[in-house]
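Chemist: Taken from TrEMBL, the feature disulfide bond covers Cys135-Cys170, Cys136-Cys154. TrEMBL lists 36-62, 68-92, 182-206 with the feature transmembrane segment.
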Amino acid sequence: LAGGIILGVALWLRHDSQTTNILYLQLGDKQAPNTFYVGIYILIAVGAVMMFVGFLGCYGAIQESQCLLGTFFTCLVILFACEVAAGIWGFVNKDQIAKDVKQFYDQAFQQALMADSETNNGRAVVKTFHETLDCCGPDNAIGAVTPLWRDDLCPKKDSILKTFLETSSCHKKIDELFSGKLYLIGIAAIVVAVIMIFEMILSMVLCCGIRNSSVY
């Protein structure tokens, strides 16, 4: 059940419309940074393997098989080590993910402002960012006045003044998007780790109980 929940959360994050709209963009021959998906794929793999290993442990407990319970314990130790390693990697790279996406956005924004922007897809990339995140412009002086002088790039509001007052910086929106997603991934990883620890303890207790049983 825990593996199924983790797998479900990971698949939802993988196919979330906001992240897929942004991370599948291409600027010329440059692809949007997809480091975020590395953590998602790890969660998907952990969830799928947990479902299989959980079945293995359940079957081993029903059959009272020390071999299956020992295999179950070994698989859990390997999974736990992989998850700890992935958690450390994620903690180290958590700020880098948003930073890479913001740099990609800034490059597209600069191209969209160029006179020959029609010859590249910078304008299309920027408009996708703006419409998906309901924002306009980077986090600088140029971005602050973008809604006034380039309203064709910004999400349409009732008036230009309303667009200027209510539109947020895209840098801020990118930070909010990925910090929220990474926070959810962190919670899922902690829940999995706690469940794994209990599973390892209980499987060893059961294995020792079977070994000491008078039946055997």
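Quick reminder: no glycine exception, Cβ is built from N, Cα and C everywhere.
Because TrEMBL annotations are produced automatically, they should be read as predictions rather than curated entries.
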Chemist: What is the separation, in Å, between the Cα atoms of Cys170 (disulfide bond) and Cys154 (disulfide bond)?
Modeler: 11
Chemist: Hey, which of the disulfide-bonded residues Cys135, Cys154, Cys170 is the loneliest by Cβ count within 10 Å?
Modeler: Cys154
Chemist: Please report the distance from the Cα of Cys154 (disulfide bond) to the Cα of Cys135 (disulfide bond), rounded to the nearest angstrom.
Modeler: 7
